[in-house]
Amino acid sequence: MSNFIAPEIKKFVIWDYIVFAGLFLVCASIGVFFAIKERKKKTSKEFLVGGKQMSCGPIAFSLTSSFMSAVTVLGTPSEVYRYGASFVLFFLSYTFVIIFTSELFLPVFYRSDITSTYEYLELRFNKTVRLAATIIYILQTILYTGIVVYAPSLALNQELEDRSFSLTIQKTYPHLVNHLVFFGSTVTGFDLWGSVVATGVVCTFYCTMGGLKAVVWADAFQMVIMVLGFVAVLIRGTILNGGTTNIWEDAYEGSRLNIFE
C-alpha cells in the first residue's frame, strides 16, 4: 500500500451543472410536449397505453432503461469488482424471462385489450385477487423506488475524500479500504434530500403530464444518455489503464474473471 496514489476527484464545474440541468429540462419538456400534443385525446387508453400505436424502437429503449436503474448502474460494477464475474449468470435467467414474457404473457394481455395485468387478474379470478396483487405491488414499488431515487442522489452528494486521512487509513488498515466513507466537500455541492426531491418532482411531472408516451420517450432519451456515458467511461478507463490487454490481465490476475468460484 505504500505505493498507493490517491486519485484526484474533480468537482462539478459550470458546464457540468448546465448539462445536468439540461437533462432535467429535456425530460420535463417531453411531458409538456405530449400534454399539449395529446390534449384532445383524454381517454384512459390513450394516457395509459399510448393508444397502442407506438413503434417497437422507443418501447425497446424504454424497457431497457427500466431495467437500468441507479441500483444496476452503481451496484453492478461494484459487485463484479469485489466478487468476480459470476454476475453474468443473471443473463441466463433474464433470457428465459424475456422469452416467456414475450411469447406467453404479452400476447394474452394484448388480445385481452386491458391496460394492466391487475385488470387481467380480476377477469381471470376476482376483484379480491386484483386488489391483493395491487397492494403488494404498491408496497414493493414504494420500497424499490425509494432506493432507486436515493442511490443517484447519494452519488451526487458523495463527499470527496480527505487525502491525508485516507492514506493513513489505507496504510494502517488496508483490509478496510473498500468500506471507507471519507469526509470533505461534496462533488456536486447538491444537498442529498434536495436531489431526492428534485428527481421525484421531475419524474412525477412528466409522467402525469404526458402519460405513457412521455414516459416511453423520456426513457428512450435517458437510455441514449446512459449508453453514451457507458461508452465514454469505457473508452476513458481503457486509455488510463493502458489498453484492453492490461485490463484483462489485471482482471485475470485478480480472479475477477471467475464465474463459478
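The backbone N, Cα and C atoms fix where each Cβ goes, glycine too.
According to TrEMBL, the protein has these features:
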- 12-36: transmembrane segment (TRANSMEM)
- 56-75: transmembrane segment (TRANSMEM)
- 87-110: transmembrane segment (TRANSMEM)
- 131-151: transmembrane segment (TRANSMEM)
- 180-207: transmembrane segment (TRANSMEM)
- 214-235: transmembrane segment (TRANSMEM)
Key: Non-local residues, at least 6 beyond the ends, that sit with Cβ under 8 Å of the transmembrane segment (12-36)   = 187-189, 198, 202-203, 205-211, 213-214, 217-218, 221-222, 225
Ask   = Hey, which bits of the same chain come close to the transmembrane segment (214-235), Cβ under 8 Å, at least six residues off its ends?
value = 23, 26-27, 30-31, 33-35, 50, 54, 57-59, 61-62, 64-66, 68, 73, 206-207
